[in-house]
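First the structure, in the form of structure tokens, and then the observations on it.
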Amino acid sequence: MSGVGEILKAIGDFGPFQKWLVLLTLIPCLSVAFHQFCQLFMVVDVPHHCDTSWIRAVGPNLTQEEQLNLTLPRDANGEYEQCSMYSPVDWDLDSIVAYGLNATQKCSSGWVYPSAEPPSLLTEFDLVCDRKDLNDIGQAIYMAGLLLGSMIFGPLSDRIGRRPVILISVILQGLFGLGIAFVPHFYVYMAFRCVVGASVSGITMTILTLATEWIGVSSRPKAVLSSHCCFAIGQMILAGLSYGIRNWRLLEIAGSAPILVILLYIWVLPESARWLVTKGRIEEAKKLLQKAAATNKRSLPEGLLEQLKPEKQIKSGSLLDLFRKKHLRKVTLIMSCAWFVNSFVYYGLSLNVTNFGLDIYLTQLAFGAVEIPARVGCIFTLQWFGRRKTQTVLLLLSGLVCLIITGIPEDQPLATTILATIGKFAASASFSTSYVYTAELFPTVVRPAWGCARCRRGRPGSWPRWSGSWGSTTRPSPWPSLGVPPCWGGCSVSCCLRPVARSCRMTRRTAKPGLRSAKMAPAILRMDR
């Protein structure tokens, strides 16, 4: 009896059919980067002050400067307060000028922004002063949507197939992404962003699964690396889009509409032959495999397809299986820690490009560009130094850079940005390492359970901006909180995990890991085909 793996070897592990498939699946990665970081450029800080037009009733001929001088208190630097105003009174203008106003209160009639500024989330929904935290909460809700999507669309793709889930996710992302551009209230905006986050998870998880299930084991890293590099390119495109389109509603349309292009070729995307076989739909799988062979200009050995039979499904492990055995429990806890701190420092840097002191568009461009050599270089470092050493060094480097920034003077934004870019480089490479490392550490039967656990631990790690708002504390304080966790995670990986054989194939059963490659017995560790 032949399996799909043997047939893929016959038609070519990474032929023209698979290359076209990977190319078609890369387009959604561009939109993923947009939705991940677009809010940063929609809430750019602008000067503002309380609306004190109440005084116009008694002084209609006042100039703007006279109005502000009479109705707004000043801070220690002599600037007008942005979040407080003098309490309105029933006096005439001469009394106000003669005696002045003393009692202050919070802004009661909204805020005034520079008229020349294009519309932004901040100016339209007043995300300033007491409402400033809504910005961070909105970003956190998007991350919660990513978590929700991973829990819904992962099992759903196993039940109804890869293509239907991709279609559902694309439609949701397109409709709700465009809908965000027309929301009347910020709470509606947050609800739509949550749905977009869920659809992003559905697209990224399912489309990568579809691609890798058509590709041979040795060529799968190419597909993963391609998607990671495309995500980096998406960040660079975001920098250009946000620089050229300052109106946040138009920017949302420009970033959301292209995902609908997938609807033009969704019918060309093949279903996963592996999934069809596991569901007993052998004839459909045979037709797709014959099409792939024809595209790759390969001829299948006679009778090979006839030997294709439904594969016996291996019962997937649950979350509890990750903790029942001692070695799996240890690996689960350590890698959960590594994923959490990796997400913490990566998003802690990525979501705070507005706080480094340089032009945010150039900083975003540099942050996207630096990920490409980080992802590509990761492949070589994994081959030369192995998984554990690479993961340890990258986590330590990203943490140490954040600790060094703590001592950089506030008037040195260039030095801060350069160090932050180095930290982003290390965190990005560490992410790619984590994908490879965990795939080799966890057997197939518990890998779906680990994927769910990883999302539950990794997504909260991507909420540092919400948990510790940078704008509400002194500048140096966030850096130690970003630097210490990855240093601790790097030490945990170094001290507690055994080395994994370089370029080893993924295990299927929950046999005892950590064995040297020379001692691995085929009868104990069945390999993925």
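Note: Cβ is positioned from N, Cα and C throughout, glycine not excepted.
According to TrEMBL, the features are:
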DOMAIN    95-529  domain 'Major facilitator superfamily (MFS) profile'
TRANSMEM  20-44  transmembrane segment
TRANSMEM  140-157  transmembrane segment
TRANSMEM  164-184  transmembrane segment
TRANSMEM  190-211  transmembrane segment
TRANSMEM  223-245  transmembrane segment
TRANSMEM  251-269  transmembrane segment
TRANSMEM  331-349  transmembrane segment
TRANSMEM  361-385  transmembrane segment
TRANSMEM  392-408  transmembrane segment
Stretch of maximal Cβ-Cβ contact with the transmembrane segment (20-44) [cut-off: under 8 Å; candidates 140-157, 223-245, 361-385]: 223-245
PLDDT averaged over every residue in the domain 'Major facilitator superfamily (MFS) profile' (95-529): 76
Stretch with greatest number of CB pairs under 8 Å, the transmembrane segment (251-269) reference, 140-157, 164-184, 190-211, 223-245, 331-349 candidates: 164-184
Highest-contact recorded stretch vs the transmembrane segment (164-184), from 140-157, 190-211, 223-245, 331-349, CB pairs under 8 Å: 190-211
Segment-segment contact (the transmembrane segment (190-211); the transmembrane segment (140-157)) at 3 or more Cβ pairs under 8 Å: yes
